[in-house]
Amino acid sequence: MEGLAVRLLRGSRLLRRNFLTCLSSWKIPPHVSKSSQSEALLNITNNGIHFAPLQTFTDEEMMIKSSVKKFAQEQIAPLVSTMDENSKMEKSVIQGLFQQGLMGIEVDPEYGGTGASFLSTVLVIEELAKVDASVAVFCEIQNTLINTLIRKHGTEEQKATYLPQLTTEKVGSFCLSEAGAGSDSFALKTRADKEGDYYVLNGSKMWISSAEHAGLFLVMANVDPTIGYKGITSFLVDRDTPGLHIGKPENKLGLRASSTCPLTFENVKVPEANILGQIGHGYKYAIGSLNEGRIGIAAQMLGLAQGCFDYTIPYIKERIQFGKRLFDFQGLQHQVAHVATQLEAARLLTYNAARLLEAGKPFIKEASMAKYYASEIAGQTTSKCIEWMGGVGYTKDYPVEKYFRDAKIGTIYEGASNIQLNTIAKHIDAEY
C-alpha cells in the first residue's frame, strides 16, 4: 500500500483552499500564524547542523501535516457545529479518517497501515484538533492505544486478523476505567474466570471513548484478584460477543461528537486465543500505552488551543473600540504575547516527548510534562480568547466557546493533572 503522504497529496489536489474572513461562520477554517508553519528538514548535515530544531520535520511529516490540515478544513470543519449539537460524529467523517489512512498511521504497510513515524501521529492529532478536538481524540485513541497495543503485544495471528480491519474500517475502544477505578485505575473489579478454552468476563466499565462506533474492545480484566493488579490481563472482545452491552452515550460538556459510554459484561465468553500478550501483564501494557497516549493528548490540547488562538487574533486586529484596534491596546498585546509564548512552550514539550519516544530514550517524565502543561494552557488560552472576543465569543454562533468546553477534559482524562505532577515529581526524586 502506498504511503499516507503520497495518497494525501494526491487527494489534496481536489481540495479547494479556504481563508478566514473575520467573524465569518465558524465553519470557515481559521487563519494560521506563520510561527506555526514549520519548515521541512532539508540538508541538515550538509549545513553542519547536527541537531535539528524541534519544529523541523522530514519531507514525509510535512506532507502529512499539510494534507491533514486540508482534509480537516474541507471535510470536517463544515460539520463541527452539527456534530457538537447532535452529540454524534458524522459517518462521513469516520469514513474520511479511514480513507485518508489516518486510523493506522504507524501500522506496518503489511497490515494495511502507513508505517509513518510517531511524530506523524502527533502532527495528525494536532491538525485535527485545530478544527475539532472530538475527531482528534477519535483518531488518537485508535493510533496511540489500540493499534499500538496490538502491534507491540499481539500474536502474528492477532495482528493479521485485527490490524487490517483497524486500518480500514473497524474502530477500536480502550476499556480500563470503572466506577471505582478512575485515577486509581488498577483497582478495577471486572473479572475474567477461566472455563476450559475460554475466559468469562463479568463486570462493568465507565467513560469508554468511541464505544458507540467501536467494533473491537480492548478490555482490562482481572484473572486473579487475590494477587491484585498483577492479575490484570488484556482481552480482545468483538462487539457482537453475547453478553456485551453498550450503554447510552454520556451527555457531556465537551467533546460531544466523541461518544463516551458505559459497558456491561454479563458472562461474556472470550476465547483464550484473544488474550493480548501475557496473562497478568495487562497493567504493564496499560501503563505503557497511556504513557504514549499522553503525548497524543498533549497534541490534542495543543491543537485545540492553537485553533482557538488562530480564530481569535484576526478579530482583535479588526475590532475597533475607542478609535483604534483592540490589538493596539498594550494591555491586550501583553496578554496575547503571554498566551503565544505558552503555546510555543507546550508545542516544544510535546514534540520533544515524541522525538524522545522515537529515539528509544526515556520519555515518561517528558510525556507527563507535555500532557500536564498543554492541558493547562488549553484551558487558559480558550478562556482568554472568549474574553478577547467579548460577547460574540460567548455565543454558539462562533467556535470559541466550543474550544473552551472541549479544553476542560484535558486536565481530567488519560491521567488527571495532579497524576501528571505526581509522575513528574517521582522522576525528579529518582534523578536526584
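Note: Cβ is positioned from N, Cα and C throughout, glycine not excepted.
The structure displayed is predicted, hence computed values, not measured ones.
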**Request:** Going by Swiss-Prot, S183, Y283, N291, E292, G293, R294 bind substrate; tell me which of Y111, Y229, Y351 is listed for that site too.
**Result:** Y229
**Message:** If you check Swiss-Prot for N6-acetyllysine, which of K170, K284, K317 comes up?
**Reply:** K284
**Prompt:** Does DSSP put E387 (FAD binding site) in a helix, in a strand, or in coil?
**Reply:** helix
**Request:** State, in Å as a whole number, the widest CA to CA span among the substrate-binding residues S183, Y229, Y283, N291, E292, G293, R294 given in the record.
**Result:** 21
**Request:** State the Cα to Cα distance, in Å, between K426 (N6-acetyllysine) and S417 (FAD binding site), rounded to an integer.
**Result:** 14
**Fill in**
Quick note, E387 (FAD binding site) and E414 (active site, proton acceptor): C-alpha atoms separated, nearest Å, by 29
**Fill in**
One should report the C-alpha separation between G180 (FAD binding site) and Y229 (substrate binding site), rounded to whole angstrom, as 14
**Request:** Select the closest residue to S209 (FAD binding site) from the following recorded positions, measuring between CA atoms: K70, K284, N291, G293.
**Result:** G293
